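Below you'll find the structure, written out as structure tokens, and then a few comments.
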């Protein structure tokens, strides 16, 4: 049975192989928050199982933020991957980005899947059947390779196809645990895959990581105006939330023929596509990643596309994005990923 709104999270995760630290009961709608002066006293607090705790708890900033900051202090770079609309290949791009960073054996990479209701990273990484383990140091992420790890709610589900039917506060509680309780250890990069849009999860990740030194966000779009319309909102969200934008990536930018390796346009850039949008909004354009049917196949089989098909234009484009991101976060691109044959689109 899948987790629901009614059942407590602790009961759901009580199987020995899925044992996890307790989550608090979900907050009611319009919860003022434990740091508010109205905590435990507002109208929304009536009937909440946490009312007594909130009313008696000391007011002030979230006490878990310093714990999260300390936990993540051994991670050199933290990168968000955002998209305005679902279906633009954001999670696919995240998996490609992670594999590309991990192509350097001297780098250690982690992927945190915060898309609680649609966790797809484990499938794309080939570790869907794995479960998390708990030690004195906290939850252990699932290691995909010797230098690539992942954490997702998918590892906690008894059945692969179980739906996670949670409201925002409960999802936010799990995201906090991914940051506070997972023993990431020393890493070079933590890539955080987020749900599409600008929802509770994005606000929570931003507030919980505000003291942890987030490098910024990579925003993913497709060429057509329907996607760009929502990306403009995503960029506006980042600016209002104080999230640095590392750059924009245009995904599904043309189609690569598997026989002749040539590229043709599928989604027409009727208003100029991602490159023009980036220029207009004053953010870097990191590159255009073309469609390649083998990307979907690699994700279905949980394999690294960039390792298996290094000569694909899509692989070359991803490697260019990695080198560009490295430059924007203060690393030498050649140290992060040795230079390959680069695609036509470069940083603007």
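Keep in mind that glycine also has a Cβ here, set from the backbone N, Cα and C atoms.
The feature region 'Disordered' is assigned by TrEMBL to 1-44. According to TrEMBL, the [4Fe-4S] cluster 1 binding site annotation covers 31, 45, 48, 54. The ATP binding site feature in TrEMBL is assigned to 84, 85, 86, 87, 88, 89, 90, 91. Positions annotated as [4Fe-4S] cluster 2 binding site by TrEMBL: 257, 260.
All features noted in TrEMBL, drawn onto the structure.
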residue	record	DSSP (3 states)
31	[4Fe-4S] cluster 1 binding site	coil
45	[4Fe-4S] cluster 1 binding site	helix
85	ATP binding site	coil
90	ATP binding site	helix
257	[4Fe-4S] cluster 2 binding site	coil
CA-CA, which of the binding-site residues 48, 54, 257, 260 lies nearest residue 90 (ATP binding site)?
-> 257
Using residue 91 (ATP binding site) as the reference point, find which of the binding-site residues 45, 54, 257, 260 has the shortest Cα-to-Cα distance to it.
-> 257
Measuring Cα to Cα, how many angstrom lie between residue 48 ([4Fe-4S] cluster 1 binding site) and residue 85 (ATP binding site)?
-> 34
If we count other C-beta atoms within 10 Å, could you say which of the binding-site residues 84, 86, 87, 89 has the fewest?
-> 87
Provide the number of Cβ atoms within 10 Å of the Cβ of residue 85 (ATP binding site), excluding the reference atom itself.
-> 19
Across 31, 45, 48, 88, 260, listed as binding-site residues, the smallest other-CB tally within 10 A is for 260
Secondary-structure category, per DSSP, in which residue 54 ([4Fe-4S] cluster 1 binding site) falls | helix
Other residues, Cβ within 8 Å of 84, 85, 86, 87, 88, 89, 90, 91 Cβ centroid (ATP site) | 83, 196, 220, 222, 227, 251
Within 10 Å of each Cβ, count the other Cβ atoms and name the one among the binding-site residues 54, 257 with the highest count.
-> 54
Using C-alpha atoms only, work out the spacing between residue 54 ([4Fe-4S] cluster 1 binding site) and residue 84 (ATP binding site) and round it to an integer in Å.
-> 34
